[in-house]
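Written out below as structure tokens is the structure these notes cover.
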Amino acid sequence: MIRAKKHFGQNFLQDEAVLNKIIQAIPKDTQNIVEIGPGLGDLTFKILQICSVTAYEIDSELFALLGKKFAKEVQNGRLKLFCKDALEKWDEGGVSEQGYFLVANLPYYVATKMILSAIDDEKCRGLVVMIQREVALKFSAKSGESEFSSLAILANLQGSCELLFDVSAQCFNPPPKVVSSVIKIQKSKILLGESGIFKDKFEYEKFKIFLKIAFASPRKTLMKNLSAKFDKFELNTLFAELNLSPAIRPHELNVELYLKIFENLKEDNERQKRRKSGSLAGQEQ
């Protein structure tokens with residue numbers, strides 16, 4: 001009998017009703033799924049009924065068990081099974097060579113990092129994952145809610161994020177000490193490129209830095225947070241143009257407004273650079 005290992009954050013989901021609800025949340029046109037931490041293979045078994053699976057299991061003991069349990073699927077290519085850390089695969093270039101949908105019961109200690117990696121991965125079409133409820137609320141929060149943060153903006157940037165349902169600790173073996181929730185992110189927009197939200201990865205990374213500044217102190221006003229890095233006069237002008245109160249707080253804006261503020265500050269910065277380079281050229285003459 002295989003026991004859950006604490007250092008891998010293992011809690012095996014074995015409730016039939018919950019497993020079925022996760023399957024029902026997967027888009028009907030999905031052809032390729034990536035599963036992280038398949039564990040004993042209960043969810044894997046159900047996913048294989050609808051499409052092919054690429055699974056990453058870091059535990060060598062479970063990897064061997066899964067290889068035996070799904071020997072037929074591995075042999076015919078319906079299941080690609082790797083004994084590897086999925087985060088390392090993302091760092092190396094990606095968890096799949098083709099477009100995919102992520103479905104997983106994620107280990108709590110790396111859930112946020114894995115979701116952000118999937119959000120950044122242009123091959124990922126979306127995800128249905130189970131995580132700690134506290135983290136789920138941060139990703140699925142709506143503008144105006146106190147939990148609304150940079151995580152919610154990134155989760156909704158390319159589409160939508162919603163909390164589907166909560167899962168009792170009794171649905172797992174062993175039962176975790178927290179309540180879990182299943183969230184769904186469905187991407188509908190292109191992230192990078194000419195028709196994308198950002199022209200390239202460099203600009204996207206700058207946007208993420210901008211969000212860190214904006215939410216540096218959530219209880220302070222957005223103006224106060226941004227003025228630590230940007231010109232106060234330009235911020236006042238921009239807020240007036242967008243009809244934003246100087247007293248507005250970071251969680252009270254929506255994704256579109258954050259994109260507008262970022263775009264305007266980027267254009268102001270580029271204008272300043274052009275003016276500086278022009279004045280330097282004049283001095284040299």
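Using N, Cα and C of the backbone, Cβ positions are placed for all residues, glycine too.
Keep in mind that what you see is a predicted model, and the values were worked out from it rather than measured.
Its Cβ placed at the centre, ASN11 (S-adenosyl-L-methionine binding site) has 24 other Cβ atoms within 10 Å. Annotation source Swiss-Prot lists S-adenosyl-L-methionine binding site at ASN11, LEU13, GLY37, GLU57, ASP85, ASN105, citing sequence analysis.
In this entry, ASN11, LEU13, GLY37, GLU57, ASP85, ASN105 make up the residues listed for S-adenosyl-L-methionine, with the farthest two CA atoms of the set 20 Å from each other. Fewest Cβ neighbours within 10 Å among the binding-site residues LEU13, GLY37, GLU57: this applies to LEU13. Sequence-distant contacts of ASN105 (S-adenosyl-L-methionine binding site), defined as residues of its own chain at least six apart whose C-beta falls under 8 angstroms from its C-beta, comprise ASN11, LEU13, GLY37, GLY39, LEU43, VAL129, MET130. LEU13 (S-adenosyl-L-methionine binding site) carries a strand DSSP state (E or B).
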